[in-house]
Each structure stands twice: as C-alpha cells, then as structure tokens.
Amino acid sequence: MTVRVAINGFGRIGRNVIRALYESGRRAEITVVAINELADAVGMAHLLKYDTSHGRFAWDVRQEREQLFVGDDAIRVLHEQSIDALPWRELGVDVVLDCTGVYGNREHGEAHLAAGAKKVLFSHPGGHDLDATVVYGVNHHELQAEHRIVSNASCTTNCIIPVIKLLDDAYGIESGTVTTIHSAMHDQQVIDAYHPDLRRTRAASQSIIPVDTKLAAGITRIFPQFNDRFEAIAVRVPTINVTAIDLSVTVKKPVKASEVNLLLQKAAQGSFHGIVDYTELPLVSVDFNHDPHSAIVDGTQTRVSGAHLIKTLVWCDNEWGFANRMLDTTLAMAAQGFR
C-alpha cells in the first residue's frame, strides 16, 4: 500500500522531506499528493531545486500554475491559512506531515483530522495531550492504530535519545547534562534587529548565541524515569547546518572510555544500524552535512572521569537526518492501519 501524504509547511523540514523521499527511493511507499504553503509556487519550486546546505536537487523540478512537478509526479499546491480549509478528505490524505513549526497541540491535530486526514505527524515537539511522541529506533514499536496525532519530537531529541538509551541500558544513568551546539536557525537575525529574545536581536553570523532549549523536557518525555535528573543548555553558532551535542552522564557501573566506544560502535553496526553511526575519523561539522543518521558518535571525543562520569560528542545533520526520520515514522504509523 502506498501512503498518501500531504505536507503542511514547506520550509527547511518540509522541503527536505520531499528531497529525502526521492533520494531514498521510497516513492513506492509514500506519495506526496499536496503541499500547503503560504509562499508562492514559483518560490517553492526554486527553493526545492536549489538549496544552500544540500546542493542542487537531482530531480527535475518545475511549477505549472498551482502544481509542483518533481520528475513526472504532480503535487497540488495550496495556500490556505486555516487548517479547516484544507481539502484533505477530497485528496484522500492518509497522513499529514505538519512541518510548519507553528502548530503542535491536539487542537491543531484534531483540525487536520476534521479536514479529512486519517493521521497527523508534527515535525516538532507537541503537547502532552498528543497520542504519542516518537523517536524512531527507540520507541516507534509502541505505536498503535489509535495513535492518530503524533509528534516526531525534535532533531536534537532524535539525536541524543538513542545514545542515552544505550548508555542507560549498559551502565545505568543516574543523571546527566546536555549542551547543544546548534547551527543558526530562521528565528535569528542576519543583522542586528528586534526580537523578543534580546540575544536573538544580534547578527547570527557574528556571535555564539545562548538560547533557551526544551531538550531536557524532550528527554523526560521519552524516558519519564529521568524527570529532574537531566538538564540542558543550548548555543547557536555561525554555521547554517549540522549540530553537535555534548552529553555528560553519571552512571552506576564503573566503565572505561574504550568500553563506551565499543558499545556505541556495536550498536551502530547492529540494533541501531541506520539510526546511529560511529566514527573515529578527524572530521568537522561540514563532513556530516546530508548524513541521514539521527546521531553520529565521535569516538575520538569520548572521555570517562572517575570511572562513572561519561562524556560523549554526538553529531547530527539537524535537517537531513530528521527529515529521514519523518519518513520512517510516517511508514510506522501507516503500518498500524487507518480507521
């Protein structure tokens, strides 16, 4: 069965979902029937074809009236401001991928269902009232048919949760801290300009900028046992893609750095193949651009202090890896059937 998908919001994640779908060869499993985006179709086609981070899209892209063509595949383009006006029932939409970054609560999900979609997947963290929050590779097997409004968590949650699970299963985590070193994002300024967050009034290309993060809440959403045992901070750096996460955890069992690396390397080759990767090459952030994994462990940076404090560095392409997980989760939701 081919899953009929609509994309609501055609920004960084929405466009990368399309590119990942075509580049990964999953068009027999997923068909995009519509895209809803307030911007004009000419701009949509141009930004899908030409991307500063990911290069030129190999597929032919063209726009004809209110249709976007990728190769010979026609995708209807919509410009609706209200979810209520979206023709999901008419288009036979199975799953809406809401990539707006704006919507994310149950009310918004219910609006998509009322418009005719069978299920909804948000590309960002949602409220506690959603049916499920999924980190693919860790808890996607818990999806059920009645889970109709789902969050795919965040790119950083998808990056760090698999590593936390591996370390906790092996050594027993007592507590931890996380520092996200994240590329600049659309909510920052090119030059100094007004923003409610005074730090984000400053030019993104000229400073390392501390920002708020809800990553600790994202960790406890997946692993409630870590409530009040993880803290997180985040800084934005003057790069346009790829993120590094510094994870430090105290564990119950004594361990050596070499043992931690062996554990993570084996997981990358085995149970987490395709989700977690492992490297000891002397790489820098740009080398992980367009990497489809949720997490790439940098084994050269693993440290252990006092046998119980583990520090690891984990990379991710915060756009491309996450877009691939959106596709994975879509198929996992569809596999549970539609009511």
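Using N, Cα and C of the backbone, Cβ positions are placed for all residues, glycine too.
Following the DSSP three-state reduction, the secondary structure of I13 (NAD(+) binding site) is helix. Remark: I13 (NAD(+) binding site) has C99, G101, S123, E319, F322, A323, M326 as non-local neighbours, by Cβ distance under 8 Å and separation of at least 6 in sequence. Per Swiss-Prot, NAD(+) binding site is recorded for R12, I13, N318.
Positions annotated as substrate binding site by Swiss-Prot, on the basis of sequence analysis: S154, C155, T156, R200, T213, K214, R236. Taking all protein chains in view, 19 other C-beta atoms sit within 10 angstroms of the C-beta of R200 (substrate binding site).
C155 (substrate binding site) has a Cβ environment of 24 other Cβ atoms inside 10 Å. Taken from Swiss-Prot, the feature active site, nucleophile covers C155, and the record attributes it to sequence analysis.
Within 10 Å of the C-beta of H182 (site 'Activates thiol group during catalysis') there are 23 other C-beta atoms, taking all protein chains into account. Annotated site 'Activates thiol group during catalysis' per Swiss-Prot: H182, in sequence order, evidence recorded as sequence analysis.
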- Task: Fewest other Cβ atoms within 10 Å: which of the binding-site residues R12, K214, R236 wins that one? Let me know.
- Result: K214
- Task: Whole-number Å only: compute the distance from the Cα of T156 (substrate binding site) to the Cα of N318 (NAD(+) binding site).
- Result: 7
- When the Cα of K214 (substrate binding site) is compared with the Cα of each of the recorded positions R12, H182, N318, which one is closest? H182
- Message: Please report the distance from the Cα of C155 (substrate binding site) to the Cα of R12 (NAD(+) binding site), rounded to the nearest angstrom.
- Response: 12
- Nearest to S154 (substrate binding site) by Cα distance: which of the recorded positions R12, H182, N318 is it? N318
